[in-house]
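Reading through the structure tokens given below for one structure.
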């Protein structure tokens, strides 16, 4: 299993991956000098976009007007065309009034299809929905990392948020470590918003919205789903329910760990090479599953070449849903279907052909960061 060595921004780590495919848009645009004047300390302050200034006291109730608007946005986005800045503002305000009422541990019923990292690979996201079935016919659970690295983070996160608002009980979007103000400044989403909108306003809206994403989900009280992994400060799922998630991802602590940690072959807790979170061994995952009467921990956060990988004697599964990650890693992607009887099936798929790009077979990566 390969570790995607994202690190907290305070460590001053720059992007480690050099794209080898020719694109009109560079992955990170390499335009920090031009963008420097656009950024200020205020950009890191939660709530600066104003999307949550007038939160509702009850969940959003869809009416015909809302439904028609959402359907138009989804149709527009399905063509890989970004929404206008005004429409992003409207969408994010609606999404706040859905997400703020979801729990830290979102209960999910079976059947459900569980998905890993997407990372701005919009055409591959559409392929995912072809493989797994359209929403709302299929009940989906996404485990975070919708933005950064890929070329279409704006369209990807807009599409998933629009689907969430349109079908709030048929799609769940958890927070990943990349749904963060600090990480998105380093790995592409911030620059993409500047490039496509000419300002940081859309970036502010979405990063404010990320604070409201639930951080874990529990499928039929048996499968614990989250982006990263376990925390030495969390022994029970009830402790996750008590966390204050409406904030920027902290640099340390239990919320940070849930979004950053990784399983490891070594037992116990270890220092993570990422600089945030921990590594945890089979003894830790077995004890957590036993304490909480779980059958499985499902998580994302790491590239796995076949799209999924078991660890810790099948106490943990990693799911990765971005094929040919960063358009060069040569991996397959996968999603995991869980049926009414808790039977699990993995559906693997290769990258979708992007418009204007020739079809190429998967290749072995030269290296991985």
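Glycine is no exception: its Cβ is also placed from the backbone N, Cα and C atoms.
Pulled from Swiss-Prot:
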type: REGION; residues: 1-57; note: region 'Disordered'
type: BINDING; residues: 117, 119, 145; note: Mn(2+) 1 binding site
type: ACT_SITE; residues: 178; note: active site, proton donor
type: REGION; residues: 348-369; note: region 'Disordered'
type: MOD_RES; residues: 369; note: leucine methyl ester
Fill in: Cβ-Cβ neighbours of residue 119 (Mn(2+) 1 binding site) (radius 10 Å)
27
Worksheet item: For the recorded Mn(2+) 1 site formed by 117, 119, 145, which further same-chain residues have Cβ atoms within 8 Å of the site's Cβ center?
Response: 116, 118, 120, 144, 146, 147, 148, 149, 176, 178, 300, 320, 321, 322
Worksheet item: For residue 117 (Mn(2+) 1 binding site), what residues in its own chain, 6 or more apart in sequence, show a Cβ-Cβ distance under 8 Å?
Response: 143, 144, 145, 176, 300, 301, 320, 321, 322, 325
